[in-house]
Amino acid sequence: MFSCRSFLLLLLNVCSLTAPSLALPFEQRGFWDFAMDGELGDLTTVMMRDEEGSAVEELPPDVSLCPFGCHCQLNVVQCSDLSLTAVPMEIPRDTKLLDLQNNRITELKENDFKGLTNLYALSLVNNKISKVHPRTFAPLVHLKKLYFSRNLLTVIPKNLPPSLVELRIHDNRIKKVAEGTFSGLGSMNCIEMGGNPIQNSGFEPGAFKGLKLNYLRISESKLTGIPKDFPDSLHELHLDNNQIQAIELEDLSRYKHLYRLGLGFNHIRMIENGSLSYVPNLRELHLENNRLTRIPMGLPDMKYLQVVYLHSNNISRVDVNDFCPQRYGMKRSFYNGISLYGNPVNYWEVQPATFRCVGDRLAIHFGNYKK
């Protein structure tokens with residue numbers, strides 16, 4: 001059972017991607033791990049930081065206005081792990097954080113959130129929701145974070161609040177994203193929708209029209225190629241654990257602002273020469289656990305690339321110019337992570353000059369290959 005403090009920790013991580021990490025490699029993390037990025041102060045401090053300096057009135061909990069079995073304090077209503085089959089009534093109107101995770105709610109009705117105009121974050125994780133009324137979210141004019149993961153949704157709910165910044169809707173049954181699904185959501189910054197059985201054909205043209213996302217993750221799905229119609233504003237794109245076969249020449253041509261690209265645990269055999277030239281600002285490239293037989297061409301031309309994961313492929317040879325440019329001073333940032341372990345390459349045959357643009361020899365990971 002998650003505590004009120006744990007829930008608040010989760011809500012703080014809004015995928016703010018203002019500046020990518022230049023030191024630590026990206027790690028694929030689970031949903032709840034987003035809560036563990038830093039140490040936080042007391043509840044009042046959390047609320048003040050998370051709402052851009054707004055003050056929170058320190059009042060004792062009003063038990064008379066708290067739904068039965070729930071815990072209410074300082075604009076936070078926690079009703080998790082209560083086996084609820086519907087959204088409880090009599091939720092205080094000044095509620096800003098509402099936690100309904102780990103229940104048995106099957107449907108969201110029109111008036112479930114009536115009067116909750118101050119609600120800032122809503123967690124519905126791990127319920128059994130399969131139906132959402134088109135006007136369910138109409139009262140939530142200040143909602144910024146909606147956590148809808150681990151339910152039974154087959155489509156993304158209609159009429160999401162225009163104020164929404166972060167949507168996490170992974171591990172549902174979504175197979176289609178229709179044109180206009182995200183219409184009017186110009187403030188949206190982060191979408192996490194992995195773990196849905198969606199194929200490339202499930203994205204209608206214009207499905208992401210109008211969005212200016214920084215972060216998009218569609219991992220553990222059924223994609224066989226890199227979709228070409230995602231927002232061109234993306235800084236992070238994570239398509240790990242799909243069925244992608246190759247990176248073709250123009251697959252990345254739309255995504256010139258990418259800092260991180262996650263394509264690990266796919267079936268990639270081929271990366272067409274020149275395809276990586278479309279992402280000149282890339283810092284981290286993840287191609288681990290694929291079927292590559294050679295180092296991708298174009299890495300020496302990537303001036304800012306610092307982390308490249310190539311472990312657990314079928315790479316048997318590493319040439320002296322596979323990673324670094326031939327001319328000194330062409331690379332703006334040295335590598336701080338190159339993983340090549342789990343490949344059939346004889347590391348003792350690799351020339352030391354191959355890694356002349358690596359900041360520290362400890363950043364190179366070889367060995368541990370088993371047939």
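Cβ coordinates come from backbone N, Cα and C, glycine included.
Automated prediction, rather than curation, is the source of TrEMBL annotations.
Here is what TrEMBL says about this protein:
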| type | residues | note |
| --- | --- | --- |
| DISULFID | Cys66-Cys72 | disulfide bond |
| DISULFID | Cys70-Cys79 | disulfide bond |
| DISULFID | Cys324-Cys357 | disulfide bond |
| DOMAIN | 65-97 | domain 'LRRNT' |
| SIGNAL | 1-23 | signal peptide |
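Locations of recorded TrEMBL features on the structure.
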residue	record	Cβ neighbours (10 Å)
Cys66	disulfide bond	20
Cys70	disulfide bond	19
Cys72	disulfide bond	20
Cys79	disulfide bond	24
Cys324	disulfide bond	20
Cys357	disulfide bond	17
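For Cys357 (disulfide bond), the nearest of the disulfide-bonded residues Cys70, Cys72, Cys79 in terms of C-alpha separation is Cys79.
Cys66 (disulfide bond) is 10 Å away from Cys79 (disulfide bond) when you measure Cα to Cα. When the Cα atoms are compared, Cys66 (disulfide bond) and Cys324 (disulfide bond) turn out to be 62 Å apart. Cα-Cα distance from Cys72 (disulfide bond) to Cys324 (disulfide bond): 57 Å (rounded to the nearest whole number). Per-residue confidence over the domain 'LRRNT' (65-97) averages 95 (mean pLDDT, predicted model). Across the structure, Cys70 (disulfide bond) and Cys324 (disulfide bond) place their CA atoms 58 angstrom apart.
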